[in-house]
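These notes are about the structure you will find just below.
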């Protein structure tokens, strides 16, 4: 009977995760990947539109600029989504926020579908911005929903599953984007609108699953609903220790309103937590991994791969990250966050160096293009093994309930802003630096590994109070024991540190 209950609880948790992620972070990866295949067709459409409207024949660099705007507006939409995700989760809850998020997705899909008939590339730009908003919200809310719904021993694995679905979305988008499926000239508008299907699946399934138990008790004060949610997610009677932990956090934050993002910048008790999530979220994009999906054709062409093989090789990149994300999901609770994150960035640094050497000698050694291609795969594989999964877990684990939405907004904003910057400069970086195009990314990976190794404490299996205690050693380094003790108590109550300690 106990075994049956365990299977039942696991099944409920797995189905809840699948339902939320299909319309959540899967959309992020999917919408990154589908823009690569129709590049030439959409660029031709842009040129034809200008010619028909204004009788202007665009230069190649002008077409590239408009195309870059279409690609990068997705990131600005994501930035806007990250900013509104916090208030939405506070007012509507985690689950309802994910459901409402599909409004942006469906509107974007409709615009993409009708853009060709309307002969408007501007509709594609607006569509990509709306899809970006959808992805920005889901990238913030989904890990929060999973982290608050999971038992402590599965918290990291469940939160990092967001990265697994994002990687699966990349692989799925690359397959659907094949010219034999929807990546052909007559079908590119259907490819851009195909993201509505996962969104529809989420709308049909997610309402059947419970809201985050921590949100129900701490934010809404509904103990009975919290217990019912825990009972459904665990498949058995609620463990008193788990409920006591949530009740303790409720007591510590009682009477406190949710923190605003700018308040975290002035609170010394969360200084290093905030610095850590900002650096790790920025490094996740500045390492250049996700830009490879935007501009896979540019990268592989620079590596010496023929055009007719590129669309098939790009599927391997998504498959690599998907496989690595699954491995990371299985190892994160065994090896810990710090080990996986630092190891991933160290390997990425190594492969960036090897890739640069391979590019330098590709015209002198016949097999160098294949080494270049292998380096791209191993670079993505290393990203999936650590940074992809761990980066989304940290905001959930480093902050309490009142600060978590604000911290997620800041982390998400840094991620999307840096994705926009890299997305805008990446094709020009490849064309200008050529063989040395991955040197800046390797430097980012090296610096990120050093930061993690020197400053980021391990959070595996620890309660919020234990994690807070670890960070107090950094936040109040040099302070006497009495001041640190007082400040710790204040942070646990969600209050701002005394001015004398600032």
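Glycine too: its Cβ is placed from the backbone N, Cα and C atoms.
As given in TrEMBL:
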| type | residues | note |
| --- | --- | --- |
| DOMAIN | 17-460 | domain 'Major facilitator superfamily (MFS) profile' |
| TRANSMEM | 12-30 | transmembrane segment |
| TRANSMEM | 65-86 | transmembrane segment |
| TRANSMEM | 98-118 | transmembrane segment |
| TRANSMEM | 310-332 | transmembrane segment |
| TRANSMEM | 339-361 | transmembrane segment |
| TRANSMEM | 367-394 | transmembrane segment |
| TRANSMEM | 406-430 | transmembrane segment |
| TRANSMEM | 436-456 | transmembrane segment |
Tertiary contacts of the transmembrane segment (406-430) (same chain, 6+ residues out, Cβ under 8 Å): 64, 68, 71-72, 74-76, 78-79, 81-83, 85-86, 132, 136, 139-141, 143-144, 258-261, 263-264, 270, 273-274, 277-278, 280-282, 284-286, 288, 290-291, 294-295, 298-299, 302, 391, 394-396, 398-399, 437, 440
Across the domain 'Major facilitator superfamily (MFS) profile' (17-460), average pLDDT on the 0 to 100 scale: 87
Leading stretch by Cβ pairs under 8 Å, where the reference is the transmembrane segment (339-361) and the options are 65-86, 310-332, 436-456: 436-456
For the transmembrane segment (65-86), sequence-distant contacts whose Cβ falls under 8 Å of one of its Cβ atoms, 6 or more beyond its ends: 28, 31-32, 35, 39, 42-43, 46, 58, 97, 104, 121, 124-125, 128-141, 258, 261, 294-295, 405-406, 408-409, 411-413, 415-417, 419-420, 423-424, 427
